[in-house]
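Scroll down for the structure; my scribbles are underneath it.
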Amino acid sequence: RTYSDRYARVWIPDPEEVWKSAELLKDYKPGDKVLQLRLEEGKDLEYCLDPKTKELPPLRNPDILVGENDLTALSYLHEPAVLHNLKVRFIDSKLIYTYCGIVLVAINPYEQLPIYGEDIINAYSGQNMGDMDPHIFAVAEEAYKQMARDERNQSIIVSGESGAGKTVSAKYAMRYFATVSGSASEANVEEKVLASNPIMESIGNAKTTRNDNSSRFGKYIEIGFDKRYRIIGANMRTYLLEKSRVVFQAEEERNYHIFYQLCASAALPEFKTLRLGNANYFHYTKQGGSPVIDGIDDAKEMVNTRQACTLLGISDSYQMGIFRILAGILHLGNVEFASRDADSCTVPPKHEPLTIFCDLMGVEYEEMAHWLCHRKLATATETYIKPISKLHAINARDALAKHIYANLFNWIVDHVNKALHSAVKQHSFIGVLDIYGFETFEINSFEQFCINYANEKLQQQFNMHVFKLEQEEYMKEQIPWTLIDFYDNQPCINLIEAKMGILDLLDEECKMPKGSDDTWAQKLYNTHLNKCALFEKPRLSNKAFIIQHFADKVEYQCEGFLEKNKDTVYEEQIKVLKSSKFKLLPELFQDEEKVLSPTSATPSGRVPLSRTVVKPAKTRPGQTSKEHKKTVGHQFRNSLHLLMETLNATTPHYVRCIKPNDFKFPFTFDEKRAVQQLRACGVLETIRISAAGFPSRWTYQEFFSRYRVLMKQRDVLSDRKQTCKNVLEKLILDKDKYQFGKTKIFFRAGQVAYLEKIRADKLRAACIRIQKTIRGWLMRKKYQCMRAATIALQALLRGYMARNKYQMVRNPNVLLLHCSFIPAYLQDKAALWCPLENLKSGVVCNSNMLREHKSIIIQKHVRGWLARVHYQRTLKAIVYLQCCYRRMIAKRELKKLKIEARSVERYKKLHIGLENKIMQLQRKIDEQVRAPYSGKMFGSLVSSSSVALWALTEKCTEFSLSCPYFLQRQELESENKKLKNELNELQKALTETRSPEVTAPGAPAYRVLLDQLTSVSEELEVRKEEVLILRSQLVSQKEAIQPKVNNNQQMYGVVKQSPQDYHMLNEDGELWLVYEGLKQANRLLECQLQSQKKSHENELESLRGEIQSLKEENNRQQQLLAQNLQLPPEARIEASLQHEITRLTNENLDLMEQLEKQDKTVRKLKKQLKVFAKKIGELEVGQMENISPGQIIDEPIRPVNIPRKEKDFQGMLEYKKEDEQKLVKNLILELKPRGVAVNLIPGLPAYILFMCVRHADYLNDDQKVRSLLTSTINGIKKVLKKRGDDFETVSFWLSNTCRFLHCLKQYSGEEGFMKHNTPRQNEHCLTNFDLAEYRQVLSDLAIQIYQQLVRVLENILQPMIVSGMLEHETIQGVSGVKPTGLRKRTSSIADEGTYTLDSIIRQLNSFHSVMCQHGMDPELIKQVVKQMFYIIGAVTLNNLLLRKDMCSWSKGMQIRYNVSQLEEWLRDKNLMNSGAKETLEPLIQAAQLLQVKKKTDEDAEAICSMCNALTTAQIVKVLNLYTPVNEFEERVLVSFIRTIQMRLRDRKDSPQLLMDAKHIFPVTFPFNPSSLALETIQIPASLGLGFISRV
């Protein structure tokens, strides 16, 4: 809305809440001086505009944009919008992180939140920064990713006030790097990096009024990485240690934590020599009056500190040395001085605190007591020793304590760096800067001046970086770049550090003999007052000055500046300490001499440390002391320049920490304090720079998806960019309000809000139309129902009335009763109206008679009709019963006839077989007759065979005579006659050609005939038995046929004839047989017709399928051709090559399959050839023994094919011991799972290995068994290690390992495993060895392979899940894309490279088909599918809980639909009982939670009962994240969330927010015996196992 719109909402300034929301009651017109407003609480007011600027109050953003992850997504970018958005997210949604362009704003919740666990780290790892909700882990991941991608060092700059959470944020960033990168060595460098935190916190953090764990120094930690981006080490630089805290603490504050940890641990035996006591005993620890922090156990913290020191390599002796020095500082603080006079003082004799200090430090008591009360003055000619006053002595004591502590601090930092240093060359680093934010107090001194100076430098670097990024974005999108006027704080920096600046004048004054704070202040006034706009003088003070910083004006008190800048420490006291017998103490000051470090010369309290040790080649005398006298300001400026150089050489990432209130109340937001910090940390400056140009940016696809509702159908073109241009030109007439880039549309501030208003109005109008239509439809339905009900009631009422009237007319009693009253009535009337009434009575009597007559006629017709209806129904029922009975009789007869037909058919087959046998025998005899040799024996054989044939023929004759089928009997007789004639002729021929050589007992012909005679006699016996069986069947059939024929004749109404006529017409049942023959012929023809028709349809269907596939292939080729034509030449060539490769690969696979088939055929033919050759050889050898060579040459005998019985295999495989490695190599290491799975039986390698084990067991060779099993297990492990990321390989070996395990169980001989075995399988059981131990080893191996399989499929599914289940719009148009700001989320529009739900389902199909091909056990497949669905559900839910943009009603609908598709997949695969659906229950309930109503107590009760699979934390998180996508949705009230929490407070569930996506369900391997017989297994030649043989 604009100001001209009534009810537009604006922000107006407020002294309490900073900004208040109000609503326009009257349209604003140019020239109006007053705005009529109404506040949210209902109060009306008049808002006066500034007469000079006439600036209007800032407009509010639409509610749909409030609560966005990125502040730059707001349409109106200004201070109240930023403040309100942060407040809504922090208070209502409990979200502490928010993006502001490139800055992460972190608000301290003052409460432990479950959002920093390892599961959260894993969730953010590998994600794009805009894809997940704002988090410190997202910034850390972005830095890590850019370091690896851009080969450039990174920096994370964490700043904020004391108590805002800087240290915690830096700590979590380092924890993230340590977790995701791992360590390149075995030294656990990441643990050491994290262990440095407790040490640095103990010696550098303290309790302040604002923070219980405030960092009183700045630090920059460089985390080093190698070329593989694993942590190899770290290095720490420190800045401005607050040394003044060692000797002084304000009210309610504490000294550094380490002092209180020492006092709390004073009772430990090793600390007895330190003579420590309660913290209230020491002057340096009791001044704040608050020695204890609530909830902190100092003794326990001391244990953590010592453990961290040990982990970092600081030995126990050095630790005790550190504690000894720290205890000495505490005792030094208790040293008191007695005044002699105004200018001198002394230490009391045998003063106990000083005695303890000297004992601990290993120095002489007298020397230290002397130099604490005296100082040495050196002139050009002489040296004087001068006593000092008590006040100066106390100051000197405190300066010494601060100096010792500062040097100890540096020494510890140096040793920490040594422990974190790596010998491996550092490839890149990520720096984490934890530095103090802008500070302003009631009294600001030198410390605040240095801090604010550092923040001015950091803000300048920040502004330049933001400005640079904006410029790069505009240039990349080819948007005209106009110079944006942004705040440049270079003048303020020049005021501080330039020549004759504040620091220069301070250093100059420090060099003056009589320099003081007052004279320095006057110099400042003379130099900068009225000359620099940023420098001011307070009205009521001559010892202070004001600087206009980028954040605010700050007044600094000049008192103490000089003293803190000079950092005066008496050298005589230092010399005494250097002469100490305690080794560690001189080390502190030796380092001071060697390293030109600013640390030692820092009185102010904060110490910069140089990162590298600078060693001058040759030092001139006095150079060290000169360097030692460098001022703190000079040293701090140098270290700050070094820091800025480092930051400018890296890619910076910014984290701005905000303190929400000064009372440390959890989730309490103080608007005043928040605005101060937002102004101070540069967030508002970022907003201002963005708002000056085009802050709102949309890609063309996102704009089209969001505002498609504003376009008409004719506006939508294939070119999305042109479509958006056309629509925008119609919607926004002022072309200066937007710009078209290459990939994005840039909008001025407020334009997105205007578009959202138009969109909301359009949707509202559509909703009203839909409501109008539905309400009209409902009212019409209601009216139609009422009308139908009324008509029905009327009809019922009229029917009731008509029936009553009919009953009255039909009842004769009523009629007679009425008639009886009529005469009496007429008689009464007759007296009065006799003549007239007589006439009337006649008419009435006639009419009554006529009515009665008509009634009788109606009754007659109705009664007749009823009788006819009753008769017809009865007739139909009788006919129906007759039909049923006849059908039953017919069914019985049909059943009997079918039985007869079957028996006759069998007889026919047997008879045909007998005829064939006789014909074969005659043919063989005929061949022998034609031979030139015969004999007596041969004739006798033939005669005997002819006798057998005659007997057989007689049997056949009897059989045919007994059969009632006359036609068949005649046929058999004619065949037998022919056979007799042929036998006679054959016998005559044999008698004519007899020869003694041929009929000799050893002759080949003799043997052949003898074999043939044996086979014929066996066949004869079989035929005899069959004839007996057939005869018995035919007798029974003959008895049953006669009554059936009679019944059939009666049933079908055959006219009765005399017995003679019947026999003449139906002799031997000929008519019935002819009828049955015709029926059978018809059935046969019909069956043949159906089969031909079916084969024709199948052929037609196959041809249609081929045509369809050819069409699809043609279309695909055309699409590829069209796509290739659109591509550039290089891409076209690459695409065509890729297509050609795919085509050739498919052809190659087809040819490989054909080759496999040909190989099988060749192997089969070779095998048959070998058998035939062997038989021929045996036959030839037998003939050579009995026949002379001449006969063999002249008359060769053709070999007779005599079948041989094949060898009986025992299901074992034999191999040589030296071939074991070859077996493992060919069968395991070099085996390709795809070829085996497609062409061979599942689990073939397992069967082969077991058969080899069986043979070794059969030989009772334990060494061979052990060696083979060990080699097998090692081989499987080796192949999985080599190709462990290939799903097919892992699945194949999981299946084979389980099958091998099942075989060992099935053939173990144990009764429990032999229940389902066949007797033959029981014979194959192992006999000599119990392999139970190896079964356990194989079971453990199978578990490992299963876990590896789960990891592989998780790695494959992981990239698909979030995109397919959450981001992709499966139901198009349900959810619109909202503005996303600078951090662009991954678009939910399906591009070519994005994964969809179909991608997931295709991958699931692939997994399932591979496992089925490999023959994996069905129960194991169910467990794998359950694990897959758990991973999908867990990853989806975890991302949902970390993404505010996904928690909406429409997204809940998308998730429900996606889950239903997964359930449908389970049904298709018959896996609904696998438990996979139950693993999706938390995701289903989360989707339901997004969709249910969330307002009343009843809704809360329903949610609590519905979401039993979600934890309380997850339910509350989803409700907090719930975000309306359209204006018609409502946010969840905070009170409703509180109600849910109260109802769920008694529920005992895990406090963990995310599901454990890495959880693997326990796997079981149910025993699954195989029905495959081992002896039938063939070993294909493709496996290359020719060296093993079947046994």
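Placement of Cβ uses the backbone N, Cα and C atoms for every residue, glycine included.
Summarising the annotation, TrEMBL assigns domain 'Myosin N-terminal SH3-like' to 5-57.
Sequence annotations record features per position, and here TrEMBL assigns domain 'Myosin motor' to 66-760.
What TrEMBL records for G160, E161, S162, G163, A164, G165, K166, T167 is ATP binding site. Cβ-based neighbour count (10 Å, all protein chains) for G160 (ATP binding site) stands at 27.
TrEMBL lists 640-662 with the feature region 'Actin-binding'. Model confidence over the region 'Actin-binding' (640-662) stands at 90, taken as the mean pLDDT rounded to a whole number.
Sequence annotations record features per position, and here TrEMBL assigns coiled coil to 904-931 (among others).
According to TrEMBL, the feature coiled coil maps to 1075-1175 (among others).
Feature annotation from TrEMBL assigns domain 'Dilute' to 1270-1546.
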Within-chain partners of the region 'Actin-binding' (640-662) [C-beta distance under 8 Å, separation at least 6 from its ends] | 86, 90, 100, 102-110, 136, 139, 142-143, 146, 150, 152-166, 169, 173, 210, 220, 237, 239, 431, 433, 437, 453-454, 457-458, 461-462, 465, 608, 610-611, 668-670, 673-674, 677-678, 681-683
Between the binding-site residues G163, G165, where is the Cβ count within 10 Å the lowest?
-> G163
Tell me which residues of the chain lie with their Cβ under 8 angstroms from that of T167 (ATP binding site), as long as they are six or more apart in sequence?
-> E201, N205, N213, S215, D434
Neighbourhood of K166 (ATP binding site), C-beta criterion under 8 angstroms, separation at least six | V158, S159, G160, S215, D434, I435, Y436, G437, C657
Residues with Cβ closer than 8 Å to the Cβ of E161 (ATP binding site), same chain and 6+ apart in sequence?
-> R210, G437, F438, E439, C657, K659, Q677, A680
Secondary structure content, the domain 'Myosin N-terminal SH3-like' (5-57) (per DSSP, counts of residues) = 0 helix, 24 strand, 29 coil
Surrounding CB atoms that lie within 10 Å of the CB of A164 (ATP binding site), all protein chains = 26
Using DSSP, what's the helix, strand and coil tally for the region 'Actin-binding' (640-662)?
-> 9 helix, 8 strand, 6 coil
Chain-mates of G160, E161, S162, G163, A164, G165, K166, T167 with C-beta within 8 Å of site centroid, ATP = N108, N211, S214, S215, G437, C657, K659
